[in-house]
Amino acid sequence: MAGGVIAPAGSGKEYPGSFTSKVFFTCVIAASGGLIFGYDLGISGGVTSMNPFLEKFFPDVYNKEISIKPSDDQYCKFDSQKLTFFTSSLYLAALLSSLVASTVTRLFGRKMTMMTGGLLFTIGALLNGFAQNIEMLYIGRILLGFGVGAANQSVPIYLSEMAPFRYRGALNIMFQITITFGIFVANLLNYFFAKIEGGWGWRLSLGGAVVPGLIIFLGSFCLSDTPNSLIERGELDEARVLLKKIRGIDNVDEELNDLVEASEASRLVKHPWRDIFRRKYRPQLTFSIFIPSFQQLTGVNVFVFYAPVLFKSMGFGDNASLMSSMITGLCICIAAVISSFTADKFGRRTLFLQGGIQMFICQAVMTVAIAAKFGTSGNPGDLPMWYSILVVLAMCIYIAGFGWSWGPLGWLVPSEIFPLEIRSAAQSINVSVNMIFTFAVAQAFTAMLCHLKFGLFIFFACCVVVMSVFIYKLFPETKGVPIEEMTIIWKNHPYWRKFVNDEDPNYEMAKRGGSV
Ligand code: BGC
């Protein structure tokens with residue numbers, strides 16, 4: 001096994017050009033694709049804790065909830081596979097669509113995939129808002145999932161390809177900022193809609209997804225495709241004009257030549273889905289699987305999806321539950337903004353490791369706090385104010401730790417380490433694995449809480465230890481390295497270097513480009 005400390009790849013490369021307003025606004029529009037994912041992540045937990053919604057679509061859960069007494073086991077009050085399937089079905093659909101989206105992204109460009117995603121999501125939102133029966137609800141969720149899969153497949157790649165490499169971290173993290181903003185807005189809306197007289201507020205919560213859907217759908221009409229995608233599809237002149245605009249200079253030859261060279265190398269690969277399993281892509285394949293799975297095994301979505309349910313289980317009232325989840329939503333959003341200022345400065349490794357330690361400590365505190373009050377019987381008696389504050393505080397610090405490390409980096413890192421020839425396929429693996437684990441955590445959570453009780457938090461804390469060791473040992477720093485010259489980070493790494501062949505066209509290119 002390789003040693004832990006990795007010298008930063010530190011490319012000596014400098015492309016001329018600056019950070020232009022054109023690149024900024026283009027990335028803001030594209031990043032709005034994260035809103036659809038975030039809105040959905042944030043809305044379902046609140047909706048599934050609204051009684052009129054439960055009564056209409058999940059009467060058995062509703063009956064169980066209203067019949068439970070404060071002295072009963074609170075850990076198990078929401079344990080219903082049907083209810084969790086409402087939340088998690090979307091992620092299965094997203095998984096399927098991200099696989100299809102890989103081909104659309106490669107053949108028709110990143111922009112087309114975003115547009116299609118926005119449209120499907122908007123239709124799904126309408127179906128959900130007007131749902132009369134459970135079938136409409138599920139079909140709507142599936143369309144929403146198709147939209148999310150397409151957006152998550154294309155937006156991170158789009159941002160990383162558009163960005164000048166020195167600002168890639170900051171611009172890519174806009175995706176996480178919009179995801180978390182979506183979560184926060186959804187929590188806020190749930191809080192107010194839950195109060196609507198007549199109990200139809202859930203329709204506004206679910207139907208409100210039309211707004212982010214339309215933003216990305218209409219917004220993508222204003223976008224050009226990325227230079228990399230234009231070159232990949234033979235539009236060299238268009239790529240040159242675009243590059244001049246987004247870099248704000250006339251002479252873009254150096255960057256353009258590198259992109260053309262990368263594109264030529266990528267043409268040698270005819271079957272990205274087969275080739276990605278070749279030995280030379282082992283580092284990328286490893287990270288495209290482990291980064292998303294570990295991101296979900298932090299346990300973050302237990303809080304994102306089920307914060308209201310969790311707080312309610314802990315004896316907080318209806319309002320207090322939604323309010324506390326709004327606070328955690330705000331924390332995660334602010335943390336993403338902090339990350340966009342720090343990822344290019346301190347590097348990805350530092351954030352991964354610092355975030356891991358912070359999450360671990362908070363999980364330990366939550367375990368002790370919940371074990372002390374709820375024990376194994378799940379009957380806490382009265383919860384004093386100081387106790388509630390402690391738990392909410394620990395959750396906020398935990399969520400902030402995730403919010404500036406594994407959250408944004410889980411999307412940034414995969415989008416910057418794949419060479420062009422396998423980029424679309426590898427990004428689909430990244431999204432699918434993320435969705436499988438999002439699905440699994442969402443589906444298993446209420447049952448795990450019911451059976452593992454406070455042990456649930458111990459489980460996630462152990463996962464955080466494993467993933468931090470993984471990063472420490474195996475992840476080389478990617479900050480400041482041009483995306484098409486990334487081979488160099490593997491070549492410089494004591495463990496991964498054996499997978500890079502000196503004759504590899506990507507490595508040759510990195511050498512000529514001055515990164516070696
Ligand atoms: C993750 C989501 C998570 C969100 C919360 C994203 O990066 O992929 O699963 O809910 O961050 O901030």
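Here the Cβ of each residue, glycine as well, is placed from N, Cα and C on the backbone.
The annotation domain 'Major facilitator superfamily (MFS) profile' is assigned in TrEMBL to 26-479.
Here TrEMBL flags 23-43 (among others) as transmembrane segment. With a threshold of 8 Å between CB atoms, the same-chain residues lying at least 6 positions outside the transmembrane segment (23-43) that come near it are 90, 114, 117-118, 121, 144, 147-148, 151-152, 154-155, 158-159, 162-164, 171, 174-187, 189-190, 205-206, 208-209, 212-213, 215-216, 219-220, 222-224, 246-247, 301, 304-305, 329.
Positions annotated as transmembrane segment by TrEMBL: 83-101 (among others).
The transmembrane segment annotation in TrEMBL covers 113-131 (among others). Only residues 6 or more beyond the boundaries of the transmembrane segment (113-131), in the same chain, are considered here, and those with a CB under 8 A from a CB of the stretch are 30, 33, 36, 57, 97, 101, 104-105, 137, 139-151, 153-155, 158, 203-204, 206-210, 212-221, 223.
Among the features that TrEMBL reports, transmembrane segment is placed at 137-159 (among others).
For the transmembrane segment (171-194), the residues of the chain that approach it from at least six positions outside its boundaries are 23-24, 27-28, 31-43, 45-47, 50, 155-156, 159-160, 162-163, 201-202, 204-205, 208, 212, 304, 307-308, 318-319, 322-323, 325-326, 329-330, 332-333, 335-337, 339-340, 343, 403, 407-408, 411-412, 415-416, judged by C-beta separation under 8 angstroms. Feature annotation from TrEMBL assigns transmembrane segment to 171-194 (among others).
With a cut-off of 8 Å between Cβ atoms, the residues of this chain six or more beyond the transmembrane segment (200-223) that come close are 26, 29-30, 32-33, 35-36, 38-40, 43, 46-47, 50, 52-53, 111, 114-115, 117-119, 121-122, 124-126, 128-131, 140, 144, 147, 151, 158, 182, 186, 189-190, 192-194. The annotation transmembrane segment is assigned in TrEMBL to 200-223 (among others).
Taken from TrEMBL, the feature transmembrane segment applies to 285-308 (among others).
Summarising the annotation, TrEMBL assigns transmembrane segment to 320-339 (among others). If you look at the transmembrane segment (320-339), the same-chain residues 6 or more away from its ends with a CB under 8 A from one of its CBs are 42, 45-46, 49, 173, 176-177, 179-181, 183-184, 186-188, 190-191, 194, 303-304, 307-312, 351, 388, 392, 395-396, 399-405, 407-409.
The transmembrane segment feature in TrEMBL is assigned to 351-372 (among others).
Per TrEMBL, the feature transmembrane segment maps to 384-407 (among others).
Residues or ranges marked as transmembrane segment in TrEMBL: 428-448 (among others). Long-range Cβ contacts of the transmembrane segment (428-448) within its own chain (Cβ-Cβ under 8 Å, at least 6 residues beyond either end) map to 78-81, 83-85, 87-88, 91-92, 94-95, 98-99, 101-102, 149, 152-153, 276, 285, 288-289, 291-293, 295-297, 299, 301-302, 305-306, 309, 410, 414-415, 456, 459.
The transmembrane segment annotation in TrEMBL covers 454-475 (among others).
Count of Cβ pairs under 8 Å against the transmembrane segment (285-308): among 137-159, 384-407, 454-475, the largest is for 454-475.
Counting Cβ pairs under 8 Å that are 6 or more residues apart, the transmembrane segment (137-159) and the transmembrane segment (351-372) reach fewer than 3 and are not in contact.
Long-range contacts of the transmembrane segment (454-475) within its own chain (CB-CB distance under 8 A, at least 6 residues past either end) are made by residues 1-4, 6, 286-287, 290, 294, 297-299, 302, 348-349, 352-353, 356-357, 359-360, 363-364, 366-367, 370-371, 374, 406, 413, 445, 448, 493, 495-496. Averaged over the domain 'Major facilitator superfamily (MFS) profile' (26-479), the predicted model has a pLDDT of 88.
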